Structures are given as C-alpha cells and as structure tokens.
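Chemist: Following this message is one structure expressed as structure tokens.
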Amino acid sequence: MRMVPISSCTVFPASGSCTMTGYGLLLAVIFLTLFYAGECAIVDVNRTSALEEARLQRENLVRKYLKRLKKEEGALKLVGGRGDYEGNVEIFHAGKWGAICDDEWDQSEAEVVCRQLGFPGHVKPTHTGHFGRAKRKFWMDNLWCGGKESELADCHFDGWGTNDCEAGEAAGVICKQHDAVPTSTSKPIPTEMKVQKERVGQQLELRLVGGRVEGEGRVEVRIVNGDGDTGPWGSVCGDGWGLLEGNVACRQLGLGYANNAVQTDFFSDEAETGTKLPKRVLLSGTECYGNESTLADCLHDPIGIDGGPGRCSERWGHVAAVTCVPVMADLVFDHVEMEQSLHLEDRLMYLLQCAMEENCLATQAYEIQRDNPNWHLETRRLLKFTARVVNMGTADFRPHIPKHLWEWHLCHMHYHSMEVFATFDVIDGHGKRVAEGHKASFCLEDNQCLPGVEPRYACANYGDQGISVNCSDIYRHNIDCQWVDISELDVGEYTMRVAINPEFKVPEMRFDNNAATCRLLYTETYARVFDCKLERP
C-alpha cells in the first residue's frame with residue numbers, strides 16, 4: 001500500500017496528544033491509528049504514559065466515529081420510523097446489516113437498544129414489522145436480554161443468522177426522546193411527526209379485493225360521511241398489520257376469524273391496471289386491541305385533508321391483506337390451577353444446568369457461572385407453578401413452525417414446536433418487570449381431554465403437536481423452566497403475569513383471555529397468587 005505523508009504532527013507536552021492538519025479529522029485519526037501509532041516525535045522520552053494515553057484517546061476517537069458511521073461490529077440503527085428515535089432495528093455483523101426477529105422481543109431488549117443508541121430509555125417495543133417488512137436477512141432471533149447489557153450483541157440469542165422468521169416479523173422500538181432543547185447541530189423532529197394516533201371518527205366501509213376465494217384479499221376501505229356520501233376506495237398500509245387487526249377486519253365483514261394477516265402485494269391491482277401498484281393509501285399505522293367491532297374503532301395515523309395520509313414505510317406493494325376462516329382455536333389459561341400449585345423451591349445450580357442451556361434463569365445466574373468457580377454449589381430460588389392451557393375454540397391449535405423446522409432438545413428428549421408459547425413476568429408497583437421466567441421452547445400435546453374426546457397430539461417419537469378442541473396442554477410445576485427465578489427479588493407484594501401465545505404468532509378467535517394477571521405476595525418462607533383476572537397479553 002502506498003503511504004501518504006501527513007503534513008504535520010505536533011505533540012503537546014501537557015497531554016501528549018497529537019493534532020493533525022491537512023486532512024479531515026476522521027481520515028487523519030484513522031490513518032494515524034493504523035499506520036503512525038506511536039511515530040510522533042516525543043519531546044520527553046520519559047512521557048511513555050502520556051503517549052499511551054494519547055494512543056488510547058485516538059483509538060476511542062476512531063471507535064466513536066466508526067459508531068457514527070455505523071460500521072462497527074454490533075452497531076445498531078433504526079429504519080422506517082418518522083424520526084431517528086423509532087423504527088425497525090437493524091444490527092451490523094460480518095460487514096453487513098441485518099434485521100432482528102420479534103420472537104421474544106419485549107421491554108428488556110428495547111431498553112438495551114435505546115440505551116445503546118444514546119436515548120434515555122424506551123417507550124415500547126414493536127412487533128410484526130410495525131415500521132415495515134424486513135428488507136434484509138435476519139441476523140438475530142429469540143433474543144433474551146436482562147435489560148442491563150451495554151450492547152444488544154451481549155444478549156443471548158440463537159446464533160448469527162439462525163432464524164425461522166419471515167419478513168413481516170421485524171422487531172422495532174420507539175425510544176424516549178431527549179428533553180434537552182435541540183442544538184443547532186441536532187436534527188429536530190418535525191411537529192407533524194409527533195401527532196398521536198386517533199380513531200377515524202367516521203364510518204368505514206370495508207371490502208376484500210384480489211382474493212382467489214371468498215374470505216381473502218387485500219383490505220380496502222372508504223369513508224362514509226354523515227350524509228351518506230362515500231369517498232374513493234383506498235388501501236391500508238401494511239405497517240404493523242397483524243392478527244389483531246385482521247380479526248377486526250374479518251369480524252366487520254362477517255367472515256369469521258383471521259387465519260393469516262399479512263403485509264403483501266400478492267393481491268395486487270395487476271389484473272385491473274397491468275401494474276402492481278395498489279390504490280392510494282387511505283389508512284396507515286393501524287393499531288387494534290383486538291376486540292373492536294370495526295376498523296374505524298381502532299387507532300390510525302391521522303387522515304389528511306385530501307382524504308388520506310399517504311404515508312407508508314414502503315412506497316409500493318406494502319398493503320394489508322387478510323385470510324378469514326369460519327372456525328378457529330381459542331386458548332384460555334387456567335389461573336385457578338396456577339393459584340393452587342404455586343410454591344417456592346430453593347435449588348442448587350448444579351441441578352439446573354439443563355435449564356440454563358435454555359436461558360431459564362435470571363441474568364445474575366449466568367454472571368455467577370462466569371465469575372465463580374464453585375458456581376454449581378450456589379442456590380437459586382424458584383417460584384414454581386403449573387400452567388394448564390385449554391383449547392375452548394372450534395378448531396385445533398397448531399404450531400406455526402413447520403414440522404421440519406422443529407428443534408430436538410436433548411435435555412427434554414423431544415422436539416419443540418413453539419419458540420415462544422408462554423411468558424412469566426413479575427412486576428413491581430411502578431410497572432417495572434423485576435423478574436421473568438424465560439420459557440423459550442415448548443412441545444404441545446393433549447395431556448387431558450373432556451370425556452368423549454380422544455387425544456390426538458403427543459410430543460414423543462416425533463409425533464404431531466398441537467392442542468385439540470376441548471383438550472388441555474399441561475406443563476406441571478416439576479418440569480424444567482416452569483418457574484420464575486426470583487433469587488434477587490425482595491420480599492413484598494407484586495403483580496404476576498402469565499401470557500399464552502403472547503406475540504400473537506398463532507391465530508385464535510380472541511386474545512383477551514390469553515393472559516392472567518394476579519397479585520403476588522412473596523415472603524421469606526412462602527408465596528401465593530390471588531385476585532387473578534384474564535386479559536390480553
């Protein structure tokens with residue numbers, strides 16, 4: 001490589017730092033670090049410590065600018081958002097940017113992302129491609145962070161590039177913005193970007209277009225004014241479109257339940273116009289709780305004066321579509337079984353090695369394993385309980401992962417068909433999660449059925465997995481990972497929350513009976529849950 005001379009290099013005796021002239025700061029610093037580290041003339045040969053300090057300063061400056069240029073391993077950026085504080089998360093690895101899957105994506109991961117990006121915290125994590133479909137390969141899946149990691153790459157995950165995710169499963173965040181008044185060099189957020197979502201306030205007509213059979217197609221809407229006049233038909237942007245929104249659309253159309261809610265141009269206008277360009281976007285940012293009667297009752301980005309916001313993370317081909325079916329599964333969590341079976345158990349870490357392979361303990365347990373040579377003699381306190389899930393719907397509940405992608409787990413000696421089927425959280429009085437049960441992999445089977453119902457699904461011998469109608473899948477309290485690690489938790493009163501199918505990966509009739517939220521009383525000698533109520537995850 002040809003060496004280009006530096007125009008000048010001056011050492012200040014007080015600090016030993018070098019000042020470069022003749023080149024841009026970034027180029028000079030990088031060039032100096034790579035080729036001329038330690039080559040500046042030193043006035044005092046005894047100032048080796050000052051020279052070392054200067055070298056470290058230069059290295060830190062290089063890292064700082066590389067971070068700004070987002071070319072350092074593990075660097076993050078947010079894409080598709082309305083400002084630099086929100087968007088789908090992408091991470092830099094092996095010289096390429098990649099997306100992150102939303103499996104197990106929650107507040108802990110969002111907190112790490114926002115802190116790494118320099119924001120004071122997170123507002124909320126987002127799922128199902130809330131800011132658009134993933135445009136790159138997924139680098140990370142099944143992320144599990146304790147919330148205190150300095151970088152997202154320090155968290156547990158399946159391995160770089162190992163995933164079973166589709167483009168619509170991109171994980172994102174909305175970060176807290178700095179309260180400080182922006183300086184002249186900062187990028188202010190336009191006022192229109194801060195507008196809150198709202199309900200339409202007018203009646204919306206709905207139809208499905210482009211489907212091959214009745215009950216499928218892209219979703220189109222038009223506004224019905226108070227005098228009965230209707231506006232033009234428009235499409236719905238696919239940002240954030242998922243099963244919750246799909247269920248509302250199917251319910252409004254009287255077509256049953258959403259079996260699939262996708263962001264696609266498959267049901268395009270190509271047959272009508274000869275192009276794949278959909279009608280203009282009328283609704284964007286649709287966000288439903290899931291129990292609304294019509295899409296008009298959901299939240300949306302404000303509709304503009306011209307009849308539509310025209311805002312979507314992708315310019316073409318990113319529209320909401322749905323497939324409706326007349327029968328559907330409906331899972332209900334049995335909170336009474338949890339109340340009766342919940343208890344404390346202190347257990348040696350030596351006996352928890354299989355569970356630790358699946359990240360079933362708190363972050364502190366892995367720090368003990370790393371730092372203490374006698375870690376296997378340490379004890380963890382576990383809040384154990386039985387989880388019984390009943391299918392009260394009209395169709396079997398089946399895992400969304402194809403059978404050939406199921407994972408064999410040597411510890412449990414069977415295949416796992418669901419990566420995230422249940423989450424267990426302990427929450428303090430301020431709404432902060434202070435302990436969690438990380439149960440990342442599951443097999444589904446018919447453990448108990450009503451009289452006259454024959455069990456159909458079993459985990460053994462690579463059998464088909466699922467939960468039949470009027471049958472229950474039971475994870476008993478003596479099974480690995482059927483607990484919350486509360487070793488670092490102070491005694492007191494908390495809220496305990498158990499959620500089934502928490503990320504809405506598998507369609508159901510409704511989701512407002514999938515979670516149980518209970519009061520938790522924890523003392524030095526016992527624990528109990530009570531006053532449980534069913535709600536949406």
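Placement of Cβ uses the backbone N, Cα and C atoms for every residue, glycine included.
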Chemist: Which one is it, Cys40, Cys155, Cys165, Cys175, that TrEMBL ties to Cys101 with a disulfide?
Modeler: Cys165
Chemist: Going by the disulfide annotation in TrEMBL, which one of Cys114, Cys145, Cys237 is bonded to Cys175?
Modeler: Cys114
Chemist: Going by TrEMBL, tell me which one of Cys288, Cys312 is disulfide-bonded to Cys298.
Modeler: Cys288
Chemist: List the residues of the same chain that sit at least 6 positions away from Cys165 (disulfide bond) in sequence and have their Cβ under 8 Å from its Cβ, in sequence order, or write 'none'.
Modeler: Cys101, Asp102, Asp103, Ala134, Phe138, Asp141
Chemist: Please give me the CB contact count at 10 A for Cys155 (disulfide bond), counting all chains in the structure.
Modeler: 19
Chemist: Residues with Cβ closer than 8 Å to the Cβ of Cys114 (disulfide bond), same chain and 6+ apart in sequence?
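Modeler: Residues satisfying the criterion: Pro120, Gly121, His122, Val173, Cys175, Lys176.
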Chemist: Given Cys288 (disulfide bond) and Cys145 (disulfide bond), what distance in Å do their CA atoms have, once rounded to a whole number?
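Modeler: Here the two Cα atoms are 27 Å apart.
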Chemist: Applying a 10 Å Cβ distance cut-off over all chains shown, what neighbour count does Cys101 (disulfide bond) have?
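Modeler: Its Cβ shell of radius 10 Å holds 24 other Cβ atoms.
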Chemist: Over the span of the domain 'SRCR' (206-325), count residues by DSSP class, listing helix, strand and coil in order.
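Modeler: Once the DSSP states are binned, the domain 'SRCR' (206-325) shows 18 helix, 40 strand, 62 coil.
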